[in-house]
Amino acid sequence: KSEQSSFSSSSSVRNELSVYHNSRQKPPAEKTNQSSKNIGKKAAPFKKQKRANKGSSGAQVLYAKDSGGAQNESLRSNEADLAKKKNPNPSGDTGSSKNQDSMAAQNVHQKSQMSVETCTTPSKSNLILESLGLQFFGREVTLFRLKNYLTSERHSDVDDNVVQENLNDSRGEIPDSTPESKMHHKLVLPSYTPNVRRTMRTRSKPLEYWRGERIDYQARPSGGFVIGGILSPDTVSSKRKAKGNLGRIITTANRKRICLENAPIKNKFMVNLNIPLGDPLQPTRVKDPETQETVLMDLIRPRDTYQFCVEHDELKVYKTLDTPFFSSGKLIIGPLQEKGKQHVGLDTLVFYVNLGYLLCTLHETPYIVTTGDSFYVPSGNYYNIKNLLNEERVLLFTQIKS
């Protein structure tokens, strides 16, 4: 009896230990529903638990070796444990537990598909990892880096497409008449080089700013600016400008050298007059102030009827009008010639410089007179005129007689 009592006490201790161990594995709702009928059946789950622990350790080893399959298995096991904890009745219908397991497996499968959505195939992900030079430090870090890389590639592709569209638009806007288009040979377009980091910007070589070359910037839809082309204006040949300026200078110089005597006479009248005109070669009828009678006098002297007076070397004096009270005429002085000092007596001489650059001496004071200037010599004084240029010059004079 003593042996039986000791055996029964030892078996009861063992059963209590197994019940305590199983109570920690099951939810709290199952602790109150235990009975002595289940005492003999609790020794087997202890061994199964060891096997499950061994299986979980093996799953961890597989997870270290192969990330894809191990992660899926671990996720499925975790989902199954959560489903068991949520179900308080372990003796429930087997059909509901099967449905829950299938739903958990579907959720795990969907989550795994969403997590690996960025890289479609493992071979592509491995190639991308090798090209980026990344090592496996964890599934989340690797997927995050892959996602950033793929999004950056998409943005770069969009930017390249925008740049290409802008370049195509710039090509279409330029007319065919221009010799150089916006797509200049100085543009450096981005090139794709695998395994080498390159910029995706459109660059340009140094421009000839002195010729007016400028960069044509265009705005992107996403913001910022891109190079749309190079503007190169048409150049005008400098030879034409030089010829045109030279011709203008020559014509103005020739106009200045024209003498008034050789200037052509215009036979066209600006206004048609309907009145009778007198003959310039015939004398004109005028009234004598002393006798109050009408007399004939020569008042007009055409240029072909000038009276020649003096000619000394290149000095010429023409008298155009000669009356008892005054006389008028024209004085022509040759290049670098001098008229000479002369006394006017009791008369008065009035001069007008029609064309020239002269040195005029009035009594004892020299002056420089040019075209358009006038001067006169009073009675009883001397005067002298010298041409300072190497060209013929003309003066008009009037002599007032005393």
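Every residue number used here counts from 1 along the chain in the order it is shown.
Using the three backbone atoms N, Cα and C, a Cβ is placed for every residue, glycine included.
For 1-12, the entry in Swiss-Prot reads compositional bias 'Low complexity'.
Annotated SUMO2 cross-link per Swiss-Prot: K1 (among others), in sequence order, evidence recorded as similarity to another entry.
Per Swiss-Prot, SUMO2 cross-link is recorded for K186 (among others), and the stated evidence type is similarity to another entry. The secondary structure of K186 (SUMO2 cross-link), as reduced to three states from DSSP, is coil rather than helix or strand.
What Swiss-Prot records for K266 (among others) is SUMO2 cross-link.
What Swiss-Prot lists as phosphoserine is S5 (among others), and the listing cites similarity to another entry.
As annotated by Swiss-Prot, phosphothreonine applies to T193, with the evidence given as similarity to another entry. Neighbour count (other Cβ atoms within 10 Å of the Cβ, all protein chains): 8 for T193 (phosphothreonine). Secondary structure from DSSP puts T193 (phosphothreonine) in coil.
Residues annotated as phosphoserine in Swiss-Prot: S222 (among others). DSSP assigns S222 (phosphoserine) to coil in the three-state reduction, placing it in neither a helix nor a strand.
The phosphoserine annotation in Swiss-Prot covers S232 (among others), and the record cites similarity to another entry as its basis. Every protein chain considered, the tally of other Cβ atoms within 10 Å of the Cβ of S232 (phosphoserine) stands at 19.
Summarising the annotation, Swiss-Prot assigns region 'Disordered' to 1-118.
The feature region 'MIF2 homology domain II' is assigned by Swiss-Prot to 196-218.
The region 'MIF2 homology domain III' annotation in Swiss-Prot covers 349-402. Taking H, G and I as helix, E and B as strand and the rest as coil, DSSP gives the region 'MIF2 homology domain III' (349-402) the counts 0 helix, 37 strand, 17 coil.
If you look up Swiss-Prot, you'll see 25-42 (among others) marked as motif 'Nuclear localization signal', on the strength of sequence analysis.
Feature annotation from Swiss-Prot assigns motif 'Nuclear localization signal' to 239-257 (among others); the stated evidence is sequence analysis. For the motif 'Nuclear localization signal' (239-257), the mean pLDDT of the prediction comes to 46.
The local packing around K186 (SUMO2 cross-link), expressed as other Cβ atoms within 10 Å of its Cβ over all shown chains, amounts to 15. Taking all protein chains in view, 9 other C-beta atoms sit within 10 angstroms of the C-beta of S222 (phosphoserine).
Cα to Cα, T193 (phosphothreonine) and K186 (SUMO2 cross-link) are separated by 21 Å.
A separation of roughly 11 Å, to the nearest angstrom, links the Cα atoms of S232 (phosphoserine) and K186 (SUMO2 cross-link).
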